[in-house]
Every structure is written in C-alpha cells, then in structure tokens.
Amino acid sequence: MTNIRKTHPLIKIINHSFIDLPAPSNISSWWNFGSLLGLCLMIQIMTGLFLAMHYTADTMTAFSSVTHICRDVNYGWLIRYMHANGASMFFICLFIHVGRGMYYGSYTFMETWNIGVLLLFTVMATAFMGYVLPWGQMSFWGATVITNLLSAIPYIGTTLVEWIWGGFSVDKATLTRFFAFHFILPFIITALVIVHLLFLHETGSNNPTGLNSDADKIPFHPYYTIKDLLGVLMLILFLMMLVLFFPDLLGDPDNYMPANPLNTPPHIKPEWYFLFAYAILRSIPNKLGGVLALIMSILILALLPFLHTSKQRSMMFRPITQALYWILVANLLVLTWIGGQPVEHPFIIIGQLASISYFSIILILMPISGIIEDKLLKWSL
C-alpha cells in the first residue's frame, strides 16, 4: 500500500513542500530565516487575533482598550508585548532573509524575488498601520507625517491624502480603516507567501556556492526540519527574553501618552525597522524627491537581477563585491542610527552621505566590481 502522504490530494501538497522536497545538501543557517518568517507570521496572526477581541478602533477608547488588555485581560500584557516585539523579530528575520538573497544571488529567481519584494512592501505597510492602532502620541503623529507624504504627488496629492484620512486630519475614520487594513493584510501576506513558495519550488533552492545542485539533493525531512527546529527554538528564546525582560526596549516612550493633536512630540520617528528608510526620506530637502527616494530605497531590490554583471551567481568567491556588501550593511546601520537623531548638524550631512553611498553601492559600485572580478578571473586562468 502506498503511503497516504504521497496519494492524498491535500497531504500530497504538504509532502512535496515540507517532507520529500529535494533540497541542496550544503545550505547554511542563513537559509533558516524563511521558515522563521513563517513562524513570525503565525505568531503575529495568532496574537493579533486575540488582541482584536479586546481592542476598540475608536479615537476615544483605543488607548484605554490597549491599557485594558495589559491590565485586565488574562495574560493580555504577554499577548500585547509578543505582538509588538514579534514585529521586531519579523523585521530582523526579513532583513537577514533579503540580505542572504543579495549575498548569494537568489534574486536570479525572478518570480520568487519579485513576490518577495512585494511581500516586503506589504509587511511594511501592515507594520506601519499596526503602529497607529494604540493611538499614542507617536501613533498619531507618525500617521500624520507619513500619510502627509502623499500630498507631494502632483495635482492629486492633497485630495488623495484627505481621501485616505477620511476627513481633514488623522481622526476616527483613519483609525477605523487602518484597523480594518491591519486585520486583513496578514491574510493577504499569507496568500503571497504560498505563491512565493510555489515559485521557489518550481526552481528549487539556491545554495551558498550559487552552482546547480541537482546532482546532490537530500530530502527536506528529517535533515532541514530538525535544522529549522533549532532556529525556531532560538527565535522563541530571543523573543521571550525581549518580551519578559525588556518589553519596551524597542518602543518609544512617547507612545505611552494618549494622542493629542494640539501637542507635537519633539522628535517624530517611526519604529527602529523603518529608521533607515526614514533617514533616506529626510536626507533630501525636496518633499517629492524624498518620497521617491523612500520608495526607491526598497524598490531598488527589484532592480538587482538587472544589475548583476558577474558570471558567478553568488558572492562566495568574489572578494571585492563581498567588501562592498559589508560596507552596504554598515551603511544601513549608520542610516538606522541617523533616522533616530534630530535634524541638525552633523546628522544631516551624515544622513545625506549615507543615502548617496547606499544608492551608489547598489547601482554603480557592485555592477562595476562584478565586471572587474570577471576580468581578473579571465587573466588568472
């Protein structure tokens, strides 16, 4: 009798995706973050569902309802902080996952990569709208500043902003629709994740060498299920350490003050995972230019397949590009730091230089280094 997992219409799909899936024998721990992102998404959907049971999307009661969750609901504080810090873990895993794809040339799987970029945008939109829901000072002013950026769009800008607000300022209508979108988007993300995996399983996984691994495949289970389990345990350990010991480490103290349209906080800034993009936005003195730079800072990822000049797929054997890659990582850390600083000297010039470096490395220096390395390789043979 044939095994049920190979014959049953539904179980067969799971079998081909997670059990009998042929995987390269040499993929490293950098390949663990895909499954960790799946775990983060599940944690966020489950904790978010329980939070939504007690939350009220109304300007008068939103802040109080979050307080009520933390004080009166059984383990409400745990659910709330798991959701807030779970978002941070989500973005840490996302950045590593994207960074891995850049380093090892995974972007040559065009469909998988482009859906990944779309997923990144969707997750960022979801996180932004979620940050507005507690209706603290930073929630309100963050929403005001970021939605206001759309007014930079010529001709339709102002109308568009007021349409999104549902009025002449961020108010009840805005909060209600943000809650609706914040609730529905994770399910859209889940659907996109399935498509992401569907395209990935058409080609099979990449590996650190960037070479074809068809000749040396191993089954996903038990080898990578047990390897993923280690990653899962480490992620949960790290998340629970944050939640139970330092729940407010990554948050803004201003968000513990109820939203007040008459009182602007001294420094309006988003959550830490948006600071690099926020720094790029602020580094350009022109409003429309800043918005375009902000969008391009993420959309540039979609250009990577077209900017690849090397004959080698991975950076594993390309020391010049490797050096540029790690300079880019350091540059992103500088941008993250600058995004959290006030707009004054010397932070303005540092932010501008870091923004120029960011685009220069990806658009100019990396493609050039790919050509140079190919030449060096040709001469050495």
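Positions of Cβ are set from backbone N, Cα and C atoms, glycine also.
Keep in mind that this is a model prediction, so the values were computed, not measured.
Quick look at what Swiss-Prot annotates:
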- 33-53: transmembrane segment (TRANSMEM)
- 77-98: transmembrane segment (TRANSMEM)
- HIS83, HIS182: heme b b562 binding site (BINDING)
- HIS97, HIS196: heme b b566 binding site (BINDING)
- 113-133: transmembrane segment (TRANSMEM)
- 178-198: transmembrane segment (TRANSMEM)
- HIS201: ubiquinone binding site (BINDING)
- 226-246: transmembrane segment (TRANSMEM)
- 288-308: transmembrane segment (TRANSMEM)
- 320-340: transmembrane segment (TRANSMEM)
- 347-367: transmembrane segment (TRANSMEM)
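Annotated features, which come from Swiss-Prot, shown on the structure.
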residue: HIS83; record: heme b b562 binding site; CB count, 10 Å: 21
residue: HIS97; record: heme b b566 binding site; CB count, 10 Å: 20
residue: HIS182; record: heme b b562 binding site; CB count, 10 Å: 21
residue: HIS196; record: heme b b566 binding site; CB count, 10 Å: 21
residue: HIS201; record: ubiquinone binding site; CB count, 10 Å: 14
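HIS83 (heme b b562 binding site) carries a helical DSSP state (H, G or I). Against the transmembrane segment (347-367), stretch 320-340 has more CB pairs under 8 A than any other of 77-98, 226-246, 288-308, 320-340. Comparing C-alpha positions, the residue listed as 'ubiquinone binding site' sits nearest to HIS97 among the binding-site residues HIS83, HIS97, HIS182. Through the fold, the transmembrane segment (33-53) approaches residues 69, 79-80, 82-83, 86-87, 89-90, 93-94, 96-97, 100, 182-183, 186-187, 189-190, 193, 228, 231-232, 235, 239 of its own chain, all at least 6 residues removed from its boundaries and within a Cβ separation under 8 Å. Cα to Cα, HIS196 (heme b b566 binding site) and HIS182 (heme b b562 binding site) are separated by 21 Å.
Remote same-chain residues near the transmembrane segment (320-340) are listed as 99, 102-103, 269-270, 272, 274-280, 282, 310, 347, 350-351, 354-355, 357-358, 361-362, 365-366, 369-370, 372-373 (criterion: CB distance under 8 Å, separation of at least six residues from the stretch ends).
77-98 is the stretch from 77-98, 113-133, 178-198, 288-308 with the greatest number of Cβ pairs below 8 Å to the transmembrane segment (226-246). Most Cβ pairs under 8 Å with the transmembrane segment (113-133) belong to 178-198, among the candidate stretches 77-98, 178-198, 288-308.
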